[in-house]
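Among the features that TrEMBL reports, region 'Disordered' is placed at 1-39. The compositional bias 'Low complexity' feature in TrEMBL is assigned to 1-34. Per TrEMBL, domain 'Kinesin motor' is recorded for 69-411. What TrEMBL lists as ATP binding site is Gly155, Gln156, Thr157, Gly158, Thr159, Gly160, Lys161, Thr162. The coiled coil annotation in TrEMBL covers 427-540, 605-632.
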Amino acid sequence: METSTPRRAPAADAAAASSYVSMSPSPSHTPRSSTKAKRTLNNGAAIVASSPSPSPSLAKGGGGGGGVNIQVLLRCRPLNKEELSINTPVVITCNEQRREVSAAQNIANKQIDRTFVFDKVFGPKSKQQDVFNHAVVPLVGEVLDGYNCTIFAYGQTGTGKTYTMEGGGGKTQNGELPSDAGVIPRAVKRIFDILEAQSAEYSMKVSFLELYNEELTDLLAPEESKFSDDKSKKPMALMEDGKGGVFVRGLEEEVVSSASEIYKILERGSGKRKTAETFLNKQSSRSHSIFSITIHIKECTPEGEEMIKCGKLNLVDLAGSENISRSGARDGRAREAGEINKSLLTLGRVINTLVEHSGHIPYRDSKLTRLLRDSLGGKTKTCIIATIAPSVHCLDETLSTLDYAHRAKNIKNKPEVNQKMMKSALIKDLYFEMDRLKQELYAAREKNGIYIPGEQYLADEAEKKAMSEKLDRLELGLESKDKQLDELQGLYDSQKVLSADLSDKLQTLQKRMQETECALAVLEEKYMQANNTIKEKEYLIENLLKTEKVLVDEAHTLRTELENTTDDLSGLFSKLERKGKIEDANKNIVGHFHSQLTQDMNILHRNISTSVSQQESQLKVLEEEMQSFITSKGKVVGGLQNQVREMKESFSSRIAELHGFANELNLKSQLSSEKLNAQVSAHTSDLEDCLKGLLADADQLLIGLQNGLSQQEESLSTLVEQQHEGLTRNVERTKSISATTMNFFRTIDAHALELKRILEESQASHQKQLLQLQTKFEVCAADEEKYLMEKVAGLLAESNARKKNMVRDDISSLAKTASERSNSLQTETTKFHDFTSSMNSLRLDRGICDTVRPIITASQMQLGDLQRRHHEKTLGISGNANRSLGDDYKVDEPTCSTPTRRQINIPSSQSIEGLVTPLEDLVKSFRDSRTPSKLVTGNAKRLDLAIEMERVPLTTIN
């Protein structure tokens, strides 16, 4: 559908009058009852009149409450010989299947295609028979059913309106129509064929009316009634019938009985039409013509009553709108063209007001619109055949025709079947007609004037007065025109001489203009090529700049990620340095504690040795008691063996659990490189717990010894008298206790040395690996930063792979070290289990010592000094251990500055390459977005060269 308004040329306003029109039904006027003469002259013969209201019982159904849209058909003529000889461009395309017409229009060097949709479209190759079958055949059936129908052709002059309506002028041979016969002869033949096939009783009459320069002429009037001077001929009057319609007074209607008679009438009337030659058409119709066929058919009702059915077919051939400057019309021809355009403009305004549903419709502004009033929004079925030319020279008039024809599609008529008349009513009308004719005949015989009805007399007087006033105005105008004619004659003579000179100059300028036009066409073609090339390059540059901007933003993002990673590494290295310092301080503390502990143990050993030597003599007394003690101890040893067995089983299960836990730690260290720092902290914590546990056991042992000595002191206070006897046994027991104590401290010393060695090895290994990792990462980060700045898009994936491999190797090394440390810890755990077994044995011995307290009490007095010294040394060792391992030993405290794990968004190589659109795809998308007809071969070649150019690499971002 078309929504835009076409641009009009100077003559386009005239063409704007193109629209659908229809003829209104005329009241039934019966011809004179004469078998000899077939022509009748009806003073009140009507061309257009409002149809009587159909009787509910007699009329068929009408068009419905909503109305019926006017049917619009479009026909495009082929190029004529002159247009073909100069290769005139074709701008009209017809699609008969889709019922569309497309017009190509160039505005500001841009091609704009406008499409119009009609009820039927006939292309340049369409035949007369095709137009008749689609446009007229349905309406002929409607006419025979009692409807009033109108078919008219409209279009620019020279587009084939008269050819479509009347045909090419071929003669009928043996009752057969020629192939170029128009709508009118084919409709006549169709009507008679149907009536004869139905064997119907009918009567038919025709009329042929011409509208020329707003004056009506009867083309069927007899020759003898014609005046030799057309100026003295009185024009026919267009009268109102009082029912909303109009009729032409004095219009001739001829009764016909065969198609051949109508052909002769049509040929005679067409010969009288005003035609002239113009630049656009050698035989241009200069007037509008209306050919009407009225049919009366007799029918019988079921009750046997005879009825008369009346139908009317109006075939209208409108004069063509034209541009006076292009048609070459001068003087009288220019006035004719002006009147034609004026009437068509009025028709266009009527169409516009009907489509826009305006309150006032200007029917009375032109006789053409008054005649066609009932066909536009009335009770007539109407069909328009719009004719156009395909050449570019007629584009403005063609667009105007298409636009108004398309608008006329929206006009709705409300067709109603004509009221059927009973035979008696028709006979009554005939009697009234006979009485009127008799009165006229009587007045003529008496030579006392003629009989004229009162209404007609008043109308004639008013018309006479108007003509008199018009004659006065024309005489005044004639005088002024004579004066102007004299002035113009002189001006004409001077201009004639000047015209001869200008004619020669015009020929010269025309030749130069042709050459200039050829050069201009070449330059325009080159300009279009250059313009397309520039637009494509600008499009490519714009897309490349967008891509480069996206890549720079991506590089900035990567730089930000790298800076964040560098900050994280700095925080990690700071933490490692802090842990190293703490480990060094702890190492010094442990070393100092070890030396102090060794010194204290040596002093304790000397004191114990002195005490042993002093008590050897006393312990001999206890020898006998020890024999009995050994006997009782054998029993206890059995119980202890059972306890040791149970503890061994418990320790075995615990060791198995520790082995499983160690294996689990080993797997976790291999799978989770992110937990490396946590594992190191855990191992450090385990070592600290182990040392604290050893110190706690040592404290507990010392406390146990102190308690034992206290108990011995109590026993010695009660067994002073038995000191001599139990002294020997105490010496042996003291030797055993001393040996056990010395073994215990040796074990503690060995464990401390072993833990110190493991800790130093672990710390050195971790420090070495971390230093290597730092060095490798700094070197790799520096290289990768420089490398990425130069090749951001291409080498990012390779850099990520190298980093992943490096981290994977370091993680594997750390996992291996963790596994070795885990094995070492398992070994130390085994040793610690053995040490625990010894401590349990000591505890059992302490329990046994409780049984021999009565014996040991005898040695209380002698061991008082030893107890005091031992107590002082024990307190010193305990305080030193508490100070060294409790206060001086440092544990790493969290500073909340260690970088947390975060997701680093590293784009893939495919995503970075996806940011770059290939130049071939850009050129293809640009060409696809433009009209293919505007791209030329030269452009494609130059763009292929532009595609081969390499892109400038991105500069390094500081």
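One is the number of the first residue shown, and numbering goes on along the chain from there.
Each Cβ is built from the backbone N, Cα and C atoms, and glycine gets one as well.
Automatic prediction, not curation, is the source of TrEMBL annotations.
For the domain 'Kinesin motor' (69-411), the model's average pLDDT works out to 81. Around the Cβ of Gly155 (ATP binding site), a 10 Å sphere holds 30 further Cβ atoms from the protein chains shown. In the three-state DSSP assignment, the secondary structure recorded for Thr159 (ATP binding site) is coil.
Every protein chain shown contributes to the tally, and the Cβ of Thr157 (ATP binding site) ends up with 28 other Cβ atoms within 10 Å. The number of other Cβ atoms within 10 Å of the Cβ belonging to Lys161 (ATP binding site), over all protein chains shown, comes to 26. Counting every protein chain shown, 22 other Cβ atoms lie within 10 Å of the Cβ of Gly158 (ATP binding site).
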